[in-house]
Amino acid sequence: MLRSELRDMVVAMVLWGILLPFCLSQTTSPSQDGKIKFRLAGYPRKHNEGRIEVFYNREWGTICDDDFTLANAHVLCRQLGFVEALSWSHSAKYGPGSGKIWLDNVICGGSENSIEKCVSRGWGNSDCTHQEDAGVICKDERLPGFAESNIIEMQVDEKRMEKIRLRPLKGAHAGRLPVTEGVVEVKFKEGWGHICNTGWTIKNSRVVCGMMGFPSQRSVGKKPNSLKSAYRIHSVTCSGNEAHLSACTMEFSRANSSAPCPGGGAAVVSCVPGLQFTQGRVRKAKLNPVPQMRLKGGARAGEGRVEVLKGSEWGTVCDDHWNLQSASVVCRELGFGTAKEALTGARMGQGMGPIYMNEVQCGGDEKSLWDCPHQSITAEDCKHTEDASVICNIPYMGFEKLMRLTGGRTRLEGRVELLLPAGGGVRDWGLICGDGWTSREAMVVCRQLGLGHASSGLRETWYWDSSNVTEMVMSGVKCKGDEMTLTDCQHHSVVSCKRAGAQFSAGVICSDMASDLVLNAPLVEQTVYIEDRPLHLLYCAAEENCLAKSAAQASWPYGHRRLLRFSSEIHNIGKADFRPRLGRHSWVWHECHRHYHSMDIFTYYDLLSLNGTKVADGHKASFCLEDTECHEGVSKRYECANFGEQGITVGCWDLYRHDIDCQWIDITDVSPGNYILQVIINPNFEVAESDFTNNAMRCNCKYDGHRVWLHKCHLGDSFSEEAEKEFEHYPGQLNNKIS
């Protein structure tokens, strides 16, 4: 009897477990009138992104972000007429909507042709608020045959400001960039208009200057002449903390009409540029005080993952409640304007190390992000997949007009040509010598042209269409990688190029995404040990130059070499896979170890004295770049077995165990003492990355002749500059940069 009751209870529980999801989730039923429309809303945003709004049963509403995924975004973007989704946003990133929340707990596979085919709680069944409205970011590429009017019913408001600009005042500096002072002009559907300055305040100017890329404003010294203008906007009132003028209160005239501006004229602002956008900007940037904030992983100036300095170590910020006000505080602190976008979900790549801040809620007038209310982090609060990022407004400098790419197959690639003075006030185009050209120089070119990250830096461009430009005008270019223009980099004062001819001029290939490799520093510290390895086991290692030079004079096969061994775990935390520069047809077969080398040098291992002298070294040719393990939800793509493709997928890592050949430094000739262990990934910048400053790792090393200890292992850019100098006690290579 008891067994029968137990069986019935189990059956009931199983049925309840099966039926419950069907009670809560159902395929979204069609609209009663069959007319479902979609649009993107919110502000500020681009035309291919925004809060997703659905027109159902004659009423516009939103979609809740509960259970929202990229698969949902793919379906919605296709219904909006775009080919696919790039990302999605939660927590009303584009502002809260109004009216109904039509859909909640939507779960799509990604291949559905309509959101109606996805599972959800049903139309109008939601427990969300508009603070949970979902948004999408679609790839800016239209589906063939999709008429714009069919899929996006844009709610174009007469009052919407499409663009804002400063028209320079007449005077000595009218043609100088950036434009820091001028008449505020606003673009509407029907053209440009002015703002009546009656009641205009310095707080209003602060908002406009922020949009123009300037951190602060000043009083206007000169008033413009009387303008016969269309004053579409009147009575503007800002608090000064808005990220966009559209967030201020104001009065509008009707379209195609204007109202007079009694006793006033056009609004004029005067802005103060950040140090990096002033005359002599390179020299002044070097004199800047030690920063407490930085941006990492971005392709362009003024964008990147937000990192803050606490004590002597850099850490990231969690994206909970991250918004434009908080992002604008970061941007102004760094000498930019207000934030154009406050990005969540590690859109600029994941950081490493500590996460210092969570639930940051700035008012907008704080001098530093540390001044804003925020929560400390516990282990359960955040992961680096939630690192906050920003895209700041920066002043227009016209840098892209001084450079162009020619001969390439797309606008993202080509031979680099510079516009430089040619004498007599004439400017002419010229080429750059390809000698010594690397992906770091390509990074600067792609940044200057606004084309994203560098994919490749090319020393020969003979395979691209030739142009009538043949003269070399720059050579010996050596960049750190973070410069805004190529002329900011070191270069020869007099052109000197070993290989003449346009076919040996520098070229680049740019890309929206880039990889970013970092070493797991704690693992190096945990796995280090010393091995006395017999010479008869080291023939292959000797063939591949993995031993010190003194090994050539050893009594082979007798004796041994003393090896400092450790594991290297190399993570790709960027936004694109790390691939060898050369295709598999160019890989070199090494018979002794029975494997292919896809890169000549992938990693340097160095043991340095405290004065910076190299006392022992090693290297690791990338005989097998593959995905050893990946984070949850990420699939392996690269495997070396059977001459497979080599690389490291985003979110995966390649592990070189301590017990494999050449995973060591030969310290047979090293005396006991204190040293620095240094590991540098991708040391020759052979493959482009979004950030080279985190490619170096250092540890304090103590060797007593029998045992070895490592401590304070850290990435080269994880400490403040002062702490790093104290650590190394010597000048030289810092953060894998030239110093």
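Using N, Cα and C of the backbone, Cβ positions are placed for all residues, glycine too.
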Candidate in CYS372, CYS382, CYS489, CYS497 joined to CYS433 through a disulfide, as Swiss-Prot lists it: CYS497
Of the candidates CYS77, CYS108, CYS196, the one sharing a disulfide with CYS138 in Swiss-Prot: CYS77
CYS64, CYS108, CYS118 - which one Swiss-Prot pairs with CYS128 by disulfide: CYS64
Per Swiss-Prot, cysteine bonded by disulfide to CYS331 (from CYS271, CYS372, CYS382, CYS392): CYS392
Cysteine from CYS248, CYS261, CYS271 that Swiss-Prot links to CYS209 by a disulfide bond: CYS271
Swiss-Prot annotation, disulfide partner of CYS196 among CYS118, CYS248, CYS261: CYS261
Nearest recorded site to CYS209 (disulfide bond) by CA-CA distance, among disulfide-bonded residues CYS64, CYS248, CYS261, CYS362, CYS489: CYS248
All-chain count of other Cβ atoms within 10 Å of CYS510 (disulfide bond): 27
Segment proximity, the domain 'SRCR 3' (293-393) to the domain 'SRCR 1' (38-139), 3 or more C-beta pairs under 8 Å: yes
CYS138, ASN468, CYS489 screened against CYS118 (disulfide bond), Cα within 10 Å - retained recorded positions: none
Which of CYS128, CYS433, the listed disulfide-bonded residues, has fewest other Cβ atoms within 10 Å: CYS128
Distance, CYS479 (disulfide bond) to ASN611 (N-linked glycosylation site) (CA atoms, angstrom): 26
Secondary structure composition of the domain 'SRCR 1' (38-139) [DSSP: H/G/I, E/B, coil]: 16 helix, 36 strand, 50 coil
